[in-house]
Structure formats: C-alpha cells, structure tokens
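Straight from TrEMBL, the features:
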TRANSMEM  23-45  transmembrane segment
DOMAIN    23-445  domain 'Ammonium transporter AmtB-like'
TRANSMEM  57-76  transmembrane segment
TRANSMEM  133-152  transmembrane segment
TRANSMEM  159-181  transmembrane segment
TRANSMEM  193-214  transmembrane segment
TRANSMEM  226-247  transmembrane segment
TRANSMEM  259-278  transmembrane segment
TRANSMEM  290-308  transmembrane segment
TRANSMEM  314-335  transmembrane segment
TRANSMEM  347-369  transmembrane segment
TRANSMEM  398-419  transmembrane segment
C-alpha cells in the first residue's frame, strides 16, 4: 500500500523534519496563546469592576493582535536574528516562504569561550522556522498583555494602541535578544529557561513604570474595585495554569525528557505557592481568599519559569514556598508601608506577582540549578547553581535582572513621555466615571434597569419585539 504524500519524504516532509517535535512545538505555542486569548481576556474582564469589563478584556485582545503583525514584520528578527548590537538583532520580516520553511535554528546555542573559540555550535531544530516564529510570538504577546494588568481601569485606549508596538520594538526585543537570541547576557551565562526575566520581570517593571506615568484610577475605583464575576475569573486562571505546560514545556524546543520535567516542576511549584498563599491569608486575615489563591498560583508559575527544566522537584517545592510567601509579604505588608508603592496605582499588583516573583525565580535558579539538568538545556558548559558549587551564577542572575529592570524603567518612561506629547495617557474624568459605555459604547452585561446608556439604534442592535410594537402603534421615536 502506497503512503499518502503527507507521510512521504519530499517537499512537504523534508528528511530533517521530526513530526513529533514539530507537533509539540505548535501545541506548546497554542497553549501559550490560549493563556492570552481567551485566558487573560477572561481573567481581566472578570476581575475588574463591571463597568471596566469590556475595556479590560479588549486591551488584552488588541495587544494579542497587534503583536502578531509587528512580530512577523520586524520584531522576530530583532529578537532572534543576526546581531546588530550585543543586545539587539537586525530588524527584518519573517514572512517569506524561503525563510519560514527552512530548518529552524537556535542562535542562542552558538556560544564561544572567552578567547573567542567556539564552545557549542549553533543548534538546528527538527522543524521549520514557521513553528519557531509562532512559538516566540505568543510569548511576546502575553508580555504586553501582562503589562496591561497594571493599567486597567484608566489608560486611554488610543494611547494603548500606540504603546504596544513601541514597547515591543524598543523593550521586549532587547531582553529577548540579550538572553535568548545569543546576546551578551546569554554569552555571559545568565540563566532564563523560559522567560522569568524576558517576560515576567520585564512586564512587572514596565507595568509599574507605565502605571506611574498614566496616573491612578478614579478615587472611587481605587477605594472599591470589586470583581464582577469570580467564577469566570477562575476559568481564566485555570486556562493560565494549564497553558503553562506549553509555556515551560515548549522551551527545550523539542519533545524531550527535559520538557517533561519542566511541565512537572511547573505544576509542583504553582500548587505549593497557591497553598502557601492561601494559608497566609487564612492565618492573618481569618478567611481564605479565592483572589489570593489565584495570586499565589500566578506567583508560583512565574517563579518556576526561569528554572523549570534546570532544577529538581524538591527545589520546585522550595521555590513554591518562597513564591507563595515573599510576594505575599511585599503585597500585603511592604506595599502598605511604602510611599512609592502606595503612590503608583498598579491595578492588579503585577509588580508583586510578576516582577518580584520573576526576580525571585531567577535568583533561586542561580541557587538550585543542577549541573546535569542544566547540560540538557544550557549551551554554557558547567552551568550550575550555588549549592552545586557556583556562587558566580547567583551574581550573574542578579546582574541580568538589574539590566532588565534598568532598561525597562528607562525605555517605558521614554515611550510614555513620547505618547503623552501626542495624546493623554489617561482617560478623561467623564470616561472614568462611566466606564465601558463611554469608551467603547458597549457594556459587558446588559441588565434591564441597570442605568444602561448604550444607544442600540446608533450601534445597530435592536429589540425586534419592541420595534414591532412601536410600528404597530405608530410610535417610532426614541423612548
């Protein structure tokens, strides 16, 4: 029996293609994409006040779409292309079939010794560049969506439209190239397995910085910002948790044993962190909070990300204990005593859940990274954590974090100041008072008698039964 063309070696099935690795890479990318759409779209739309549900969800949806176009047009090669500077790649499109159908390569696997001789060669992957472009794009997209979490409930949507491509171009690509694209932090040996620095530390710092420049929510919203649907929020959080299997499981760039370990460690750390956060809420506030549990889940997922495939399972438990307690302490205690933290209105506490947890994850990776596991992933030979004899790794992790923090503070500030010259960063007071209806002409829940201001005749949605009654009685004017 003759095989179908799809199973034969040929133009569509080159001899270097491994269908299992290619399938896992695309599945991983899709799982990460589902974390954003619908995961964070649902979570953001549910965890805010009802009047901001549409705007919050739309900020996430817009960012996901905008990043896609920027990514394939110029940003992918700025993050993973040829060297332009030690921290930046050359801009260029990733759209032609000649580029997308060739065998994927990992530029970050080309590593040299200090004397310039080659330590490890550039690694070829067993699937096309199209899969790599797809996988890396959803990571870039979720980073922008995480930043939005700091700005919900007051940022001018038109300013957000401009902010997304600018920050992707001048901030995200820098961190990605420096750590993942063969840049100077990678060459020095800084570890970031799956984005603890590139994604979470950068989004937490950028979100906090942007929140400072945009300004706070209305006084009424800051005093009382009750979630409009906790059960739906849990659905979004569940998609975020399960999607992390692709987030950390896809970063070995193959369906190998390190991928399996990374997925297991991810769940161990997240579960531990959630339980610790819940216990602390129960001890100090006398009630277990479902919002607190979600925060603890997120900090656990973030903390394990820099070292998911580099540490033992028992290390993942320790990291979960720390991620469930240290960000809890900074959010519940330090935040209330810090004048700066009180001044900046970080809507969802992204600074604590992502910046603090991301830095903590990078630091603990420098402590717990196991040599054999590191050799399965790291191009730098003899990579190991503090407890395995390399105190230098902790210093590298701290310096890498300082670069990401400093760059994001400066660049996010420059972007916000530039946009402010073109338009307000913050909504008008009238929009802040009304919410979704004033900004988008739409509301999340059309409940009868709920002070609805939506003009159905203007936006093309009519109640046919009501309209028929008006025509029958000869009354067609607005009522």
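The backbone N, Cα and C atoms fix where each Cβ goes, and this holds for glycine too.
Unlike curated entries, TrEMBL annotations are predicted automatically.
Counting Cβ pairs closer than 8 Å and at least 6 residues apart in sequence, the transmembrane segment (193-214) and the transmembrane segment (314-335) reach fewer than three and form no contact. For the transmembrane segment (290-308), the residues of the chain that approach it from at least six positions outside its boundaries are 47, 191-197, 199-200, 227, 230, 233-234, 237, 240-241, 244, 247-248, 251, 261-263, 265-266, 268-278, 281, 315-316, 319-320, 322-324, 327-328, 331, 349, 352-354, 356-358, 360-362, 364-365, 368-369, judged by C-beta separation under 8 angstroms. Within the chain, the transmembrane segment (347-369) has long-range Cβ neighbours (under 8 A, six or more residues past its boundaries) at 44, 47-48, 146-147, 149-153, 191-193, 196-197, 199-201, 203-205, 207-208, 211, 217, 225, 295, 298-300, 302-307, 310-312, 315, 318-319, 322-323, 326-327, 330-331, 335, 341, 383-388, 393-394, 396-398, 400-401, 405. Beyond the transmembrane segment (133-152), the same-chain residues lying 6 or more positions past its ends with a Cβ under 8 Å from any Cβ of the stretch are 25-26, 28-30, 32-33, 35-36, 40, 44, 48, 52, 55-56, 59-60, 63-64, 66-68, 71-72, 75-76, 79-80, 94, 100, 160, 164, 167-168, 172, 176, 195, 198-200, 202-204, 206-208, 210-211, 214, 247, 250, 346-348, 350-351, 354. With a cut-off of 8 Å between Cβ atoms, the residues of this chain six or more beyond the transmembrane segment (314-335) that come close are 265-266, 268-277, 280-281, 284, 292, 295-296, 299-300, 302-304, 307, 341-342, 349, 352-353, 356-357, 360-361, 364, 368, 370. Within the chain, the transmembrane segment (159-181) has long-range Cβ neighbours (under 8 A, six or more residues past its boundaries) at 59, 62-63, 66-67, 70-71, 74-75, 78-81, 86-89, 107-108, 136, 140, 143-144, 147-148, 151, 190, 192, 197-198, 202, 206, 210, 214, 400, 403-404, 407-408, 411-412, 414-416, 418-419, 422-425.
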